[in-house]
């Protein structure tokens, strides 16, 4: 009996750790990627280096027994391929958005995804409709984003084209990969391996389609074959390291919370991103734009208050004894109907 009583609280804090880990990685990665793309202006090559670091890191650590991942099998790879394509497009548009716009613009468009994901969750994954308070919080996020865009002095058609492309792909990615996580049966490191290895295989196609390979070879010739610059090397290395970390925490957190709650987690942690961005350089929005941005992020906090609460009590222990698949579906539905089910955001 005592073991059963302990399990809900243990699960709550395990979920909290995963979500906090994802939030911290996501907060720093946006600024690190902006810094990396500023010093190493090849988005396709940068993301490919992130993919190979993550895939190789999982494989090497698995060989030495530090972690366990599912083996790579072609039949599973074929099932996972559509999700990997969506993931690659989301990262590709994200990197190009950071290339052409400041971090604040990226955050604003990232903040719009909970509203779209909530609608997609309801329509395609048959999740319950958001409550009135939840929907109001999502509209606050939208209002702040509109205010930011209306006052963005750094508006360019190129930047906002990438921003809208990112908005579409990241919304699709959040919902579709959540579906894959819940139904494919891979463990967390297995998802990291499949996702990054398949994305790495797609990288050469986009190098050719975008013509980036010409820029890379031209730069290589111009520098006499010497690409090593300490600052750029450090920025790219940090980007790759945090790419591996966010892959793990991202997939683990997706299993623990709903698609919308996971998406809002990525929005609220941007408070820290904004603070870092303002402190380290001048590549940020106007004061009024920052107010709109903070207004948007406040909507994320309100959303969090509308769907979460204190850790589950002993009385909920009996609800934790179903089989794994039933429990996953139950938690996905409950996080929007009952407070206290998740430590999301």
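Placed from the backbone N, Cα and C atoms, the Cβ positions cover glycine too.
Some features that TrEMBL has for this protein:
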TRANSMEM  12-32  transmembrane segment
DOMAIN    24-303  domain 'Sugar phosphate transporter'
TRANSMEM  44-64  transmembrane segment
TRANSMEM  76-93  transmembrane segment
TRANSMEM  133-151  transmembrane segment
TRANSMEM  157-177  transmembrane segment
TRANSMEM  189-210  transmembrane segment
TRANSMEM  230-252  transmembrane segment
TRANSMEM  259-280  transmembrane segment
TRANSMEM  286-303  transmembrane segment
REGION    307-345  region 'Disordered'
COMPBIAS  315-324  compositional bias 'Polar residues'
Top Cβ-contact partner of the transmembrane segment (12-32) among 133-151, 157-177, 230-252, 286-303 (pairs under 8 Å):
230-252
Most Cβ pairs under 8 Å with the transmembrane segment (133-151), selected from 44-64, 157-177, 189-210, 230-252, 286-303:
286-303
Pairs 6 or more apart in sequence, C-beta under 8 angstroms, 3 or more of them: is that satisfied by the transmembrane segment (189-210) and the transmembrane segment (286-303)?
no
Model confidence over the domain 'Sugar phosphate transporter' (24-303), averaged pLDDT:
81
